[in-house]
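For reference, the structure is listed below as structure tokens.
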Amino acid sequence: MKHLYIKTFGCQMNSYDSTRMADLLGESHAFQSTDDPEKADLIILNTCHIREKAEDKLFSELGRLRPLAERGVILAVGGCVGQAEGRTIFSRAPYVRMVFGPQNYHKLPQMIQRALDGETRVIAEDIPSVDKFDNLPQVRAQGVVGQVTVQEGCDKFCAFCVVPYTRGREWSRPVAAILAETEALAQQGVREVLLLGQNVNAYAGVDEEGVSYDLALLIRRVALIEGIERIRFVTSHPVDMNEDLVEVFGEIEQLAPYLHLPIQSGSDAILAAMQRGHTVEEYCTWVEKVRAVCPDVALASDFIVGFPGETEQDFQATLDLISRLGFDHAYSFKYSSRPGTPAADMPEQVDEAEKSRRLERLQQLLNTQQLQRNKARVGRRESVLVEGVSKKRDGELSGRSGTLRTVNFAGPVALIGQFVDVEIVEGLPNSLRGRLV
């Protein structure tokens, strides 16, 4: 029996891609997944290219895996670094046998066979016109929460971002394919589905009768699938928000009260330099509209500090925005220059020490805010999807609420996979504790 080890870097779409690679190679070459690279015959590193740090992690990991490659394990680099760097990876790590981009993993069976036949450098770095999803086996559930890619790529070309170059232009899967995949997951016990896209609210699909669907209509259709009791979607762009999407937050019971809507900066000047296409007030208006129909919605955002030209006043505007709106979840980063993007050549680059100082201040505010908002949940009753045994305490279970908060509580393992009501008794920095009601 051959074993496959996949290590995933970066976004949730990469996580989805990794599960589909495992499905594909299990069917084509009978690979069985393992969590131990020492036992693997094939190792795939599914990579992220958004930040330089992620790329550095890749080559550090390749160095650690080199002894395994030298004893015959096939080492492959997939994902966005594979797309962006291509043959350069072979130069920096000549023991790597395969390189492929995120739009090419449906070719893995043929690539693996070429490597098994002795080819030492197998590469697929084009962005093909063929729909890769048509060449994948039926999805296999990995638990009670499932992921379904509905949209890929990006047409926004933000000044800092490589996604349009590594994932390609915006493209939406057909409605029928999405529904079929979601139904298959539901039949395997999935109760919550996460609809994925680089710009998921730019979804523009068509059903078998030629009817056009936006994300709001797609959510309404997914909500009709038997067994699917909770729906989320990530990641959205403020430019693609619309009134129909706001309405579903107030009308579709299965839609989780959670909105990941990255703003990146609280300064209009920096948003313009980033080529984001919207202002701070336009962003706030959409947040207010969603909160009007769904008051309990959890707001999540990404923030970048130290973008070229960011002054102390610009940075303070970001802190002010955070204080004004209140964020339940946030992902914050120092600006990382990516080759080929407009921001890489901009003047007034902020030095690393200042970036670090700003990031620390930003995270302190976000952490304080998150703890306050978690403590405010005490005494509330939450519907929690039980995902497994808690890693915090023996005898406890762990799940997530509709607002994507981790909730730990005492209960029997028979509850795993079910929705249960939990009263929150303690708010912690990154989670909640509760008791079964």
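Quick reminder: no glycine exception, Cβ is built from N, Cα and C everywhere.
Here the structure is a predicted model, which means the values were calculated and not measured.
Annotated in Swiss-Prot:
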BINDING   Cys11, Cys48, Cys80  [4Fe-4S] cluster 1 binding site
BINDING   Cys154, Cys158, Cys161  [4Fe-4S] cluster 2 binding site
DOMAIN    2-117  domain 'MTTase N-terminal'
DOMAIN    140-372  domain 'Radical SAM core'
DOMAIN    375-437  domain 'TRAM'
According to DSSP, folded down to helix, strand and coil, what is Cys11 ([4Fe-4S] cluster 1 binding site)?
coil
Looking at the binding-site residues Cys11, Cys48, the one with the fewest other Cβ atoms inside 10 Å is Cys11
Reported as an integer number of Å, what is the Cα distance between Cys48 ([4Fe-4S] cluster 1 binding site) and Cys161 ([4Fe-4S] cluster 2 binding site)?
12
Three-class DSSP secondary structure - Cys80 ([4Fe-4S] cluster 1 binding site)
helix
Could you check the binding-site residues Cys80, Cys154, Cys158 and say which one's CB has the most other CB atoms within 10 Å?
Cys80
For Cys161 ([4Fe-4S] cluster 2 binding site), nearby residues of its own chain (Cβ under 8 Å, 6 or more apart in sequence)
Ile50, Cys154, Arg338, Thr341
Measuring Cα to Cα, how many Å separate Cys80 ([4Fe-4S] cluster 1 binding site) from Cys158 ([4Fe-4S] cluster 2 binding site)?
17
For [4Fe-4S] cluster 1, what surrounds Cys11, Cys48, Cys80 with a Cβ no more than 8 Å from their Cβ centroid?
Phe9, Gly10, Met13, Asn14, Thr47, His49, Ile50, Ala54, Gly79, Pro102, Thr166
Between the Cα atoms of Cys158 ([4Fe-4S] cluster 2 binding site) and Cys11 ([4Fe-4S] cluster 1 binding site), what distance do you get, rounded to the nearest Å?
17
Helix, strand, coil residue numbers for the domain 'TRAM' (375-437) per DSSP?
4 helix, 33 strand, 26 coil
